[in-house]
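Report on one structure; see the data block that follows.
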């Protein structure tokens, strides 16, 4: 609120005389009364000119101030005539009438905080001093509230001011850096005398006869005399004449208060020092007497004709006789720090003394001689007015308790018609850095449930979130007292944000340390306290009640959002980390799909939709808007259609919550400086209030952007705003510790009420059709509520808004398709299209990406011509290959889809696992329960019985239906999966993604377009275990050059990679994060972990600390169903007892803090860094116990650089999430691209061969296929014992799951041919210990449960390596006496299965030797020679096989059908499931073994150089030559790159 003319606030009488417009009466009827401005609700219809400036300024008035900023007696004064008390509150002078408990306010128009004030002797004027540069001394008329005079004469702030008793002069003293003392003739606005002082002055006082005044300060007591005769003769400024008081031995004291005597003591001057000395000076400036107050510290002083009041520490106010300095009494102490004001219902409670209680210090005193009232201000920002007529019976007249530090947030308690309310109607809450949450109510009518307490008429309750009381007192100003308490002040304390649940039962609050608390509002008990974040919580939001959900979102400066389930005792549902900087606001909306919208300092707005998965609720990103300015706050209107965002450029941008498109942008602040910090939409959705960093507040029409009112009064930035539900008040809070209640003008209130009435009328016909339940689909469950049909502003839209509402609702969504027809060649974003793109689309006026179809075939020219090539050889961007990723399918077209849900990450399992790691052993915390695994194996058994072979184009990645590892999606998402909907996997076309983002997404396997349902060949990649057809044999081989998406296929691609990713490194040496979740526990002396907190954020980030940061560039995915292998007994060479420990086969599973020792001369690396590589070259997966490796130091393990990023994807080491990594936008781009830098990761010594060029394209393609199989199927290793990390979705990046790049970056490996392993180098993994290094024995298992490595690698060797390895000469076991023996028994395999396997040893003999064991002694093999094939033996074997398999199958079905399963039955069920999977994998492996041994001679390869395998006939000889040429260019480019490096 601004003032008129000279700057004072003048009440507008015209506004007060306006007739009240009743709610529901049309606003047109009110035009008969001439208001100062047209009715707001008609402005859009009539398009009238804006209201005059004075009307705008007076539509909102300041009604009440809850707060005080007085730091000493200079900020408190009293009118001697009326008894009114004036004190400072930011930029406002509050004039309090204690009898009536009413306030009047004078606002400083200069927007500078006030530092001092004083009443004139007659009480008509108030003089104020300011802070800041070039402060002014202003004179205000108390009655008119306007400015009378303004005097400029200081530079750096005014410390104290005073009227002379004869009202001729005003004295002002500057701050320490100003040190100017001015005497003003305020009626003439001139300085009559001036001087500079040499030390800091704290207080001053005029003598009763106005002949002199006294200033006191640091070792300073000085008397200044006014020469009247000199003033009459000299017209200019004259120097002041000053004389110092004679202090004697007290000259080293710092004096903080001074008062000249009154009445009989008019010739005396009284001073008080910080050290607790009360001194009296006589007329000759001589220290006459002094006494010790016997306190640790004193701060203020005031006198009457008979009494002296000295304010001291611990709430003490001592009273002395003025003429003798005899001690009389002490004032009663105020409340003790930490008092429960709700318990103070009786007056006697004030005088109840608590043992060891601490009381607030007294900082300011003023005395009313007429009423004998002493006003006291205490250090906790409380005010007491004591009646001291009888010092032996002192009573309290009035009191109030305010916040003592920054107020961060305000919430208005919801309105309830029944008895559910926990607080009276009209209550609101504020939270502050003083560690309190305060409940206020301005209603003067007492509520039956809430009686008024004796401390305050407005304060209902104080909740103390911490037991520490040091923050309850104002620690921001120490007036040269030093750190007398000797304790350090934690400036990061306090409650930062809070939110009341929609049902009014719970209060969620987040503090500045990252803790989340939940209070129950009936009894104010703390229900939940969670260390949620590593930095201060910036936003809390409950889900809307109409959504049918009870969720709480917590956003923090640590850039993470935690979604908690209220119904499950605030358990963690999901953690989102899309943002790369502080998250400033998060909101829920219930329009159509239930959404979460968040904005942050990274200039991004993320729109997420909710999906119901089997393991809980997950939010998947649907839109991303990237602005060019920082976003500080946002709010959603009542229709849930639009979100208003406060931006740093002082604009308010309004976005559609459905499609994320910007609808409006208008100015949110009337000034030209600062940034918008807060925005809040009123309950009717008619207006919004904004706060700017210039400390101003604006009320703006939400639809037109016109400024309705502007106010100011806070001295610090406004940190929170809320409209009350009665549409009458606006509450603002600020960093100046004050709460302002603004009264809205009648025209604003009536317009809001009319809008609410119209909304209710429109909603009545829809009451029977609203439904907030989940809309369940066979493939996915999306949280939806019925869309509100409320228009932007009923009957008040502009033409373009009316046209928009006439459009079908479907246009706001990403269009769905009935079939997989081709999408446009270019993927459209929110930006404008270039001319060639418009021509390509056949429409030059295309502006929306909702529905596009090419109308004519236009071929672009230049470099874009290659992008439209129709040949099977694809370049970087071909939109037709991405057609199934960007347009959702109708639900009926998803009948046969295996994709059920797209799950995001969860931390519930991680949190539970971290608490009890020994309970689950090596099992993943979110590993499937038996019934979950049973469904998985049942699907497998069905596929076994029906003998169905699923080809590549028909195979689809599946998601778990149980409570599996969320976010662990298949690595096969680069396949063309026609049934995957873009709503689940990809952002819609209007999501704000740029074409540059999509240009990086050529990672998909670019298969040719499908002209007919039966193409000549299909691209097949084995799905992960757990999906139907996961273990089926591949029907057709892959096509070289087409299926290998990990290799750049053109020089343009290679150039693109070099240009965009040449700065990426695959072996960062300086990793900031060390240790995993286990390392977060009790830190030892030499542990130097970056964050000791075990918050949810710390545990979330700890999952990404151990692996190489280079893997973060590539979002990796786990198989949906991680399988448990049979238990393998492992023996330690040191003589420890063997213990059974379930390990995952083929994963290199190891415990944190332990490493496997490689060959001599190599540094120790974790097993997970080399075991997958071993598997990829041998086809076998070693299962090594962590107990067989000597433990290393207990220091946090150093980061491990994986051999290749492609391998890292297969191993699935979680990506590092840190504050030094790329932003969300750049990370999204990098996640779909790769660097061609050479790998710096560890390489096995046996594989360290010099790079050599492949002999042919076939070898290069086969190597790429090998790497593809490894990156696709290797099961991840764990970085924490007893659990397997489930990679989160990297901030809901499932939308880009199909665009993941898996290109390997090991250039040397690309130059190497597949290793030629001789049969003599092959060994069988046995249970006998194999020496790796001296004194280190590793026991390995011959057979393990099938894993993706076993299934895919064996199939891989069938097509590429094994024919070359085994065909040149038959396997002769006698020629290899050192071969290890086959085991007698296989752990985890039933006896009948073991006998079956033993009877057919030929199928098991050709096994490779692990490269990690090359050069070590081999154990002689005990393999019986193959005997003659007898039909009787075959029949017996077949009979036993059928019987055993049927018995096992029946037993398994019986256990699965039971509802309750015991622990033993669960173990047996797991054993059977693992065995079935193992049999399936062995059958696949047996197929190629039999084909190799029993093939005719002409089918066997010749012993000469192997020829490149022809996996699929090429389309033409020209294409074959073209691929050869591209291969040559690629090899040359890679070699040049390697040579330069």
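Backbone N, Cα and C atoms are what each Cβ position is placed from, and that goes for glycine too.
Because the structure is a prediction, the values reported are computed rather than measured.
Record features (Swiss-Prot):
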| type | residues | note |
| --- | --- | --- |
| MOD_RES | 2 | N-acetylalanine |
| MOD_RES | 33 | phosphoserine |
| MOD_RES | 46 | phosphothreonine |
| REPEAT | 109-150 | repeat 'WD 1' |
| REPEAT | 291-330 | repeat 'WD 4' |
| REPEAT | 357-396 | repeat 'WD 5' |
| REPEAT | 490-529 | repeat 'WD 7' |
| MOD_RES | 501 | phosphoserine |
| REPEAT | 671-713 | repeat 'WD 11' |
| REGION | 762-820 | region 'Disordered' |
| REGION | 911-1050 | region 'Disordered' |
| COMPBIAS | 937-948 | compositional bias 'Low complexity' |
| COMPBIAS | 1008-1026 | compositional bias 'Pro residues' |
| MOD_RES | 1050 | phosphothreonine |
| MOD_RES | 1095 | phosphoserine |
| MOD_RES | 1125 | phosphoserine |
| REGION | 1133-1153 | region 'Disordered' |
| MOD_RES | 1151 | phosphoserine |
| REGION | 1185-1212 | region 'Disordered' |
| COMPBIAS | 1193-1202 | compositional bias 'Pro residues' |
| MOD_RES | 1235 | phosphoserine |
| MOD_RES | 1255 | phosphoserine |
| MOD_RES | 1256 | phosphoserine |
| REGION | 1273-1293 | region 'Disordered' |
| MOD_RES | 1275 | phosphothreonine |
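If you look at the repeat 'WD 7' (490-529), the same-chain residues 6 or more away from its ends with a CB under 8 A from one of its CBs are 405-406, 408-409, 411, 413-414, 416, 420-423, 429, 431-437, 461, 463, 465-466, 468, 471, 475, 535-545, 550, 552, 554, 556, 558, 562, 566, 569-570, 1093, 1095, 1097. As a summary of secondary structure, the repeat 'WD 7' (490-529) carries 0 helix, 23 strand, 17 coil according to DSSP.
Each residue in the repeat 'WD 11' (671-713) gets a DSSP state, and the totals come to 0 helix, 24 strand, 19 coil.
Across all of the repeat 'WD 1' (109-150), the predicted model scores a mean pLDDT of 93. In the three-state DSSP assignment, the secondary structure recorded for residue 1095 (phosphoserine) is coil. For the repeat 'WD 1' (109-150), same-chain residues at least 6 beyond its ends with a Cβ under 8 Å from one of its own Cβ atoms are 2-11, 69, 74-75, 77-82, 84, 86-88, 90-93, 95, 156-163, 165, 167, 170, 172, 182, 184, 186-187, 189, 694-696, 712, 715-716, 736.
Residue counts for the repeat 'WD 5' (357-396) under DSSP, helix first, then strand, then coil, are 0 helix, 21 strand, 19 coil.
Helix, strand and coil residue tallies for the repeat 'WD 1' (109-150), in that order: 0 helix, 22 strand, 20 coil [DSSP].
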